[in-house]
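See below for the structure under consideration.
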Amino acid sequence: MLKTQKDKKLENFFSSNNKTKKKKNIIVGLSGGVDSSLSAALLVERGWNVEGLTLWLIKGQGSCCSEGLVDAAGLCEDLGINHKIIDSREIFEREVIKKTTESYEKGFTPLPCSMCNKNVKFEEMLNYAVNKKDFTHIATGHYARIKKSSYAETLDCKSFKFKDFLLLRGADENKDQSYFLYSLSQEVLSRLEFPLGEMKKEETRKEALRLGLRTAQKPESQDLCLVEHYGSMQRFIDKHIEPKEGEIVHVNGKVLGTHNGIQHFTIGQRKGLGIAWPDPLYVKSLDRVKNIVYVADKSDLFNREAIITKVNWVSIEEPKQEIEVEAQIRYRSHPVKGTLIPLKNFDNPTTTFKLIFEESQSSVTPGQAAVFYKGEILLGGGLIS
C-alpha cells in the first residue's frame, strides 16, 4: 500500500526525534479522542517506548467503546506503536455501573468519572504495566499535572506535610480535570505522566493538526461515557432502577405533587418538578426511607457546613487538626475558602471530616466530591455525605 503524505509526515517526524533519545517504556491510555491521541504522539516524540492501551468498558457505541476502539487502533498504526485492548466490562459493571445505581437509589448524585478513575482506568492500566514488567510508567490525556514535593517549597504551605508527589491543577483552568483525580494514590502518581498538563486546549488541537493525527478534528466529547452509550443519564437511570411513586413536599409540610422515584432528582434542581407554586421551587433534600422529595425556595438551599467521608489525601499526610483549604464542591465551580476539621467520634476518623465554609454555599449535593486545594495543589478529597 502506498504511504500517504500524512503517513510519511508522521514517520519522518517520529523517526528523526527518536534517534538520539534513550528509550523508556510507558503505557498510554487511549480512548480514541484527540487528547489521548496527542498524549501518545508527544511521548513518542520525547523518546518513550510507547504502547497504547484501550479499555473496553461498555458494549455499543461511544468514545470508550466501538468507535473509540477503531480510532485508537488506527492511531497506533499511524504512530508505529503496539496497541492492546483489554476487556474491562466486568469490572466497569461492578465498580461504576452498579455503584452509580446504588448511589442514585440512596438519593445521592454520584460521580461516575471519579469511580472509574479510582477503580477501573488507573487500576487496569497500572496492573497491565506491572504484568509486562519492563513498562515502568502509565499516561493519560487528562489536563492535570504532577510535581515532586520540592515544588511546594516555593509556596506558602508550611502547615502541610507533603508527600513525595503532588497532584496539581492543569495549566488550562478551563479544562482542568484534577477534580476527578482526587482518589489517586502516591503509587499511581509516581508512575504517571500527563503530557497535556502544561498545555491549553487550543494548543492541543493545533499540535494534533500539525502532526496530522487522524483524530485531530474529531469533535470533543462533552458527556460521560454512560451518557454517550445510553443517550442520557435519565435513560441510564430508567434502565437500572425501577420507578417508585412518592410525594413531592414543600418544606412547610404541604404536599405539592408526586414523583416516580427520587433517583430522578438532584439537590438544587428546578426544572422537571411538575408542580405548581407562585414562586420558583428547588429540590432541597431527598428522603430515601420515606421516598419524599422536599422542595423549597432558593434561599433555603444554602448550607454553611457539610460532612465529607472517604477522604483520600493525595498530596499531603492526613491532617491531625483543623486546616484551612479551598474547597471545590462540584466540577466547573470555583473553589471557596473553608475550614476542614477531623471528626474523631466516627468509626473511621481518618476518612471523615467536617467542612465549614467561610460563606454559605448553595446546593451542597450528597454523592458529589468535595476536593481540597491549596492554590494549584490538590491536597485531597472525599464524598459529600
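Using the three backbone atoms N, Cα and C, a Cβ is placed for every residue, glycine included.
According to Swiss-Prot:
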- Cys116: active site, nucleophile (ACT_SITE)
- Cys225: active site, cysteine persulfide intermediate (ACT_SITE)
- Gly29, Leu30, Ser31, Gly32, Gly33, Val34, Asp35, Ser36, Leu55, Gly141: ATP binding site (BINDING)
- Cys116-Cys225: disulfide bond (DISULFID)
- His142: site 'Interaction with tRNA' (SITE)
- Gln368: site 'Interaction with tRNA' (SITE)
Leu55, Cys116, Cys225: which of these recorded positions has the sparsest Cβ neighbourhood within 10 Å?
Cys225
Pairwise CA distance, His142 (site 'Interaction with tRNA') versus Cys225 (active site, cysteine persulfide intermediate), rounded so that it is a whole Å:
15
May I ask you to report the DSSP-based helix, strand or coil state of Ser31 (ATP binding site)?
coil
Alpha-carbon spacing, Gln368 (site 'Interaction with tRNA') to Cys116 (active site, nucleophile), which is rounded to whole Å:
14
Look up His142 (site 'Interaction with tRNA') in the DSSP assignment and reduce it to helix, strand or coil.
coil
In whole Å, how far does the CA atom of Gly29 (ATP binding site) lie from that of Cys116 (active site, nucleophile)?
13
May I ask for the distance between Cys116 (active site, nucleophile) and Ser31 (ATP binding site), taken between their Cα atoms and rounded to an integer number of Å?
14
Using a 10 Å radius around its CB, how many other CB atoms surround Gln368 (site 'Interaction with tRNA')?
24
Between the Cα atoms of Cys225 (active site, cysteine persulfide intermediate) and Asp35 (ATP binding site), what distance do you get, rounded to the nearest Å?
15
Cα-Cα distance maximum in Å, computed over every pair in Gly29, Leu30, Ser31, Gly32, Gly33, Val34, Asp35, Ser36, Leu55, Gly141 that the record assigns to ATP:
16
